[in-house]
């Protein structure tokens, strides 16, 4: 093997997963041809299809394949067929959560942008959406109020209470901050750290540690913003943001807000990574069982997930940009799938994959 041979565990999953993953394969084929990179790709069952074939949503063989890979390209899991199962045995909880835990995927990256030609889909005011935006939300995934102890309920009657605890350790903040600054170096070199340091002790520590880490990256500018102001600024002027660095709960909120203001949630990729840059890359949307098998699903989120994989886990920045530029070219040319075409002629899932692959080869 050369240093540009990569092993990818491909987990198409359920619903539209296999259809859109087939388009990601086409795009990776084009990247191999153009850049001289080689991807060794093996597909494995995960989610509902794994329950049907192996009796559990994350078979040992699938987990082993992920352990032996440089990265995981994930489709989507779930559907009505498996909703009768106990929650922890359903495709989503039984596959994705164990993968995140097993590989210690503490960082979630969610890009959000308005592509040229799709401004009208944004719910933002026309003059704001016309300016466009290109944001990455860097969210800490394994700490904070979702996992802090103690948590629970106690008492009864008027004195019954429930409680959760926001806990962050210095090392957790340091490692997520470094990923935000490294990401900014590949972009416009701006990090905005989101906190509530006027109220929360955890946010005071967050701000202190992020400011310390910023000194390691003198070429990247750092600003701080309170979460309540950030939610407003995203509506008022999203173009001001480049990389938004967030705790678990704040990132949960802001990544969904960023997705919604694009107006095209079906095109957004997502990455979850650990400290060694091993990552799981997937569309931010679901398995869409209602349109599965109809060759009408939008494959762009899956294709852009492959671009994130190239950038963050494999270090192939030029190849990642080629994919993103090809997607932008296709959309700007009005080559759209049914979810975006409206009354205009729509491309099928497979035709969209072909178009994007051809733009890569002809650029």
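Using N, Cα and C of the backbone, Cβ positions are placed for all residues, glycine too.
Proximity of residue 87 (NAD(+) binding site) to non-local residues of its own chain (separation of 6 or more, Cβ distance below 8 Å) is seen for 93, given in sequence order. Residues or ranges marked as NAD(+) binding site in Swiss-Prot: 79-92, 286-298.
Non-local contacts of residue 228 (substrate binding site) by the CB criterion (under 8 A, 6+ apart in sequence, same chain) comprise 196. When secondary structure is read from DSSP and collapsed to three states, residue 228 (substrate binding site) falls in the helix class. The annotation substrate binding site is assigned in Swiss-Prot to 100, 110, 139, 228.
Annotated site 'Important for catalysis' per Swiss-Prot: 146 (among others), in sequence order, evidence recorded as sequence analysis. Classification of residue 146 (site 'Important for catalysis') by DSSP places it within a helix. Other C-beta atoms found within 10 angstroms of the C-beta of residue 146 (site 'Important for catalysis') number 14, with every protein chain shown included.
Of all the Cβ atoms in the protein chains shown, 18 others lie within 10 Å of the Cβ of residue 196 (site 'Important for catalysis'). Per Swiss-Prot, site 'Important for catalysis' is recorded for 196 (among others), and the stated evidence type is sequence analysis.
For 228, 252, 256, the entry in Swiss-Prot reads Mg(2+) binding site, with the evidence type sequence analysis.
The candidate set comprises the binding-site residues 110, 139. Of these, 139 has the most other Cβ atoms within 10 Å. Counting every protein chain shown, 27 other Cβ atoms lie within 10 Å of the Cβ of residue 91 (NAD(+) binding site). Those residues noted as binding substrate (100, 110, 139, 228) have their most widely separated CA atoms at a distance of 29 Å. Other C-beta atoms found within 10 angstroms of the C-beta of residue 79 (NAD(+) binding site) number 22, with every protein chain shown included.
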